[in-house]
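Single-structure report; data block below.
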């Protein structure tokens with residue numbers, strides 16, 4: 001009997017899911033609107049999702065990443081770096097691969113308005129001579145790379161490389177609700193070839209399975225979760241459907257089609273899609289998105305937002321994304337976002353033709369509806385209806 005109990009405890013210990021709560025806060029866009037700064041901001045900082053993906057096909061620098069594209073991000077988690085630990089609020093971003101935070105090396109105003117990592121206060125920090133540069137808008141975040149203990153939930157990684165910012169020009173981060181970014185994509189797109197956090201977790205034997213999963217709650221600030229090393233079936237209904245990763249860089253998959261009332265409105269001959277927790281909206285080619293906006297009756301306001309009548313939500317159809325022969329319907333309650341007295345379309349246009357064809361981004365609008373597993377061991381994405 002004792003042996004059976006011991007074996008049971010061992011089996012349980014091998015499948016521990018390390019959960020990190022995410023909090024839903026006001027996005028950078030909302031903060032700018034409340035301060036009356038959005039119009040001025042958009043004059044000099046144009047969000048363009050195309051700059052985040054496949055930079056080598058779009059720009060000269062391999063480390064280009066448009067930080068304006070976090071304008072609508074709403075889900076954030078807490079990590080700590082150093083000994084004793086220094087806490088930071090970060091975006092857990094499956095659309096990038098680097099971890100970086102502001103540091104005391106940085107004298108930009110944006111850094112002073114956020115938590116800054118002080119390497120002098122950490123007994124375990126190890127400096128390097130390597131640099132990091134992430135270009136965005138009219139300037140760039142520059143910094144250095146160092147090693148230290150990074151704690152994510154109850155996972156303590158004692159040898160994680162990360163970026164310490166030295167400059168953060170512009171106003172992008174002045175009212176940003178987060179300090180830094182923790183990338184969860186593949187190492188092949190990591191700037192300066194820095195080992196991503198999850199890769200290090202797996203390499204160091206800190207997680208029992210080479211996968212992580214994400215649940216984004218639709219209700220209230222709390223309840224969202226990123227889970228490392230396992231899957232908690234209480235966060236979804238039915239069974240997981242698995243989709244092969246079509247290219248190992250981003251979490252990129254092949255999508256069969258997009259339909260409304262049985263009519264194909266986009267992606268007629270299949271297309272590529274990136275599942276990205278760091279993108280709030282659902283994005284695709286401008287021409288296709290314009291067609292969808294017209295279909296649902298959305299029109300732009302003075303701030304460039306796509307507004308729709310809130311009274312129309314109940315009469316709007318599902319938009320169906322077919323992936324690996326499985327249909328994933330998005331009801332209007334999912335793709336129409338209520339903002340105080342306004343209702344906004346959850347779709348955004350971008351133009352980026354890659355060597356893989358047209359690209360779509362399945363951001364938080366999609367992930368809120370479908371619990372998502374990012375399986376590195378088998379290079380696949382699992383999807384199931386969120387509980």
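Every residue, even glycine, has its Cβ placed from backbone N, Cα and C.
Worth saying up front: this structure is predicted, and the values here are computed from it rather than measured.
Annotation comment: Swiss-Prot describes 93, 276 as active site, evidence class sequence analysis. The feature disulfide bond is assigned by Swiss-Prot to 106-111, 267-271, 310-343, with similarity to another entry given as support. Residues annotated as domain 'Peptidase A1' in Swiss-Prot, with sequence analysis given as evidence: 75-384. Positions annotated as phosphoserine by Swiss-Prot, on the basis of similarity to another entry: 129. The annotation signal peptide is assigned in Swiss-Prot to 1-15.
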Quick one: give me the count of other CB atoms within 10 A of the CB of residue 276 (active site).
28
Counting across all protein chains present, how many other Cβ atoms fall within 10 Å of the Cβ of residue 343 (disulfide bond)?
20
State the count of C-beta atoms found within 10 angstroms of the C-beta of residue 111 (disulfide bond), not counting that atom itself.
22
Helix, strand or coil by DSSP: which one applies to residue 271 (disulfide bond)?
strand
Going by Cα-Cα distance, which of the recorded positions (106, 267, 276, 343) sits nearest to residue 129 (phosphoserine)?
106
Cα within 10 Å of residue 276 (active site): which of the recorded positions 93, 106, 111, 267, 310, 343 qualify?
93
How big is the Cα-to-Cα gap, in Å, between residue 106 (disulfide bond) and residue 343 (disulfide bond)?
39
Could you give the Cα-Cα distance between residue 343 (disulfide bond) and residue 93 (active site), in whole Å?
26
State the count of C-beta atoms found within 10 angstroms of the C-beta of residue 267 (disulfide bond), not counting that atom itself.
23
Which chain-mates of residue 271 (disulfide bond) that are at least 6 residues away have a CB under 8 A from its CB, listed by sequence?
254, 255, 357, 358, 359, 360
Need this for a regression test: recorded positions 93, 111, 267, filtered to those with Cα within 10 Å of residue 310 (disulfide bond). What's left?
none
Determine, from DSSP, whether residue 343 (disulfide bond) sits in helix, strand or coil.
strand
Just to be sure I understand the packing, how many Cβ atoms besides its own are within 10 Å of the Cβ of the residue listed as 'phosphoserine'?
6
